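Heads up, the thing below is written out as structure tokens.
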Amino acid sequence: MRSTIFMFLLQFVTLLPIVVSARKFDGMNEQKPFYSLAEDYYSYDDGDAYIPKVHTLYSGITTFGHLPAPNCLASRGIDYDIAFVGAPFDMGTSYRPGARFGPSGIREGSRRLDPALYNVPLNVYPFQSWANVVDCGDVPMSNYHIPNAMKELEEGYYHLLTRKPTSFHDREGYARNGTVLPRLLTMGGDHTIVLPILRALHRVYDRPISVIHFDSHLDSWKPGILGDGVDNDGLNHGTYFYWASKEGVLSKDANIHAGIRSPLSGLKDYEDDATCGFQVIEAREIDKIGVEGVVKRIRDRVQDNLVYLSIDIDTLDPAYAPATGTPEIAGWSSREFTDIIRGLNGLNFVGADIVEVSPSYDVAELTTLTAANILFDIVGMFVKTPLVRSKEV
């Protein structure tokens, strides 16, 4: 009998705080949902028709972060401030193919990045601030002829770039005609896509662009070293900076590589790279100078120039991003890398990309999740720093 009474009292004492807590928080309806979901997932009208109110994170058409997907390439009347765009191309790869599926893979990896989410390190709602952010889909590109594909991407990128933005269209910008332009976040695709992008940027900004290039490889090799010769397959994902330098669309003295660690044909590769206007931060240097040192060297190099940010996912160690075409060991961790990226907040970015994601080689979506979250940080930085001559938002 005593044991029964004791057990009853024990259960009462255990449950009392839970009951009090539940009553205390009952009715706190001002709390916003973690994701942008309505109270009900569906309802019925008077005719018993099924009316879906919202989508879940794993249903519906897969755009980046569940963003709106207007048919941007079909009409110049569609405006935006920041647009995601895919470049499904991998004819320039020298080892494992598959990056043509990168845009769709990265979108799959972004499914948990609901438009309602807040970026804590950057202190911003990337998709709920002043900027109209959309997913413009993929630029159609040939996967049979590299020159055709390069021209298709250049024209598609130029077409998407030369729009009247939703915001700041009455402010002074950096474009050739003094206007403010939208900014594009490109999902590759192999790294060859950077050449037509730089060509398009040069057309609208009328100046060479500084490049911050995260990669395990230099990508500035002469065609005779990496390729079959100038007259054959001289343009690929390891030579595009060589051509960008030759064409004058790349800054002569304000570019920088970071994360470099691949073998070279010889130290002359570094000499040739310097003629393209690059400085180099090797991956191993982070052990001596730390994240802060890497960030400082990058910022000191590009200063207040107009900057294009290009990220090869193989900057990361294969433990964090296995799904790529030319993996190299001893790379940076995802935590180190995201800290470096956030340290670049405030620079004058004209655009950015993340490339060389080949989903077929992925494990548990490690690579696509990482790529998507890096882009989530970059769009946050774009929102924090509008590309206008006066930075007051």
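The count begins at 1 with the first shown residue.
Any Cβ shown, glycine's included, is placed from N, Cα and C.
Record features, source TrEMBL:
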BINDING   HIS191, ASP215, HIS217, ASP219, ASP312, ASP314  Mn(2+) binding site
SIGNAL    1-22  signal peptide
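Cβ environment of ASP215 (Mn(2+) binding site): HIS191, HIS257, ALA258, GLY259, ILE260, SER310, ILE311, ASP312, ASP314, THR315 lie under 8 Å away, each six or more residues apart in the same chain.
When secondary structure is read from DSSP and collapsed to three states, ASP312 (Mn(2+) binding site) falls in the strand class. Taking the mean position of the Cβ atoms of HIS191, ASP215, HIS217, ASP219, ASP312, ASP314 as the Mn(2+) site, the remaining residues of that chain whose Cβ falls within 8 Å of it are HIS213, PHE214, SER216, HIS237, GLY238, THR315, THR326, VAL355, GLU356. Every protein chain considered, the tally of other Cβ atoms within 10 Å of the Cβ of HIS217 (Mn(2+) binding site) stands at 26.
Sequence-distant neighbours of ASP219 (Mn(2+) binding site): residues of the same chain at least 6 apart with a C-beta under 8 Å from its C-beta are HIS191, HIS213, HIS237, GLY238, THR239, TYR240, PHE241, ASP312. All protein chains shown were included, and the count of other CB atoms within 10 Å of the CB of ASP314 (Mn(2+) binding site) stands at 28.
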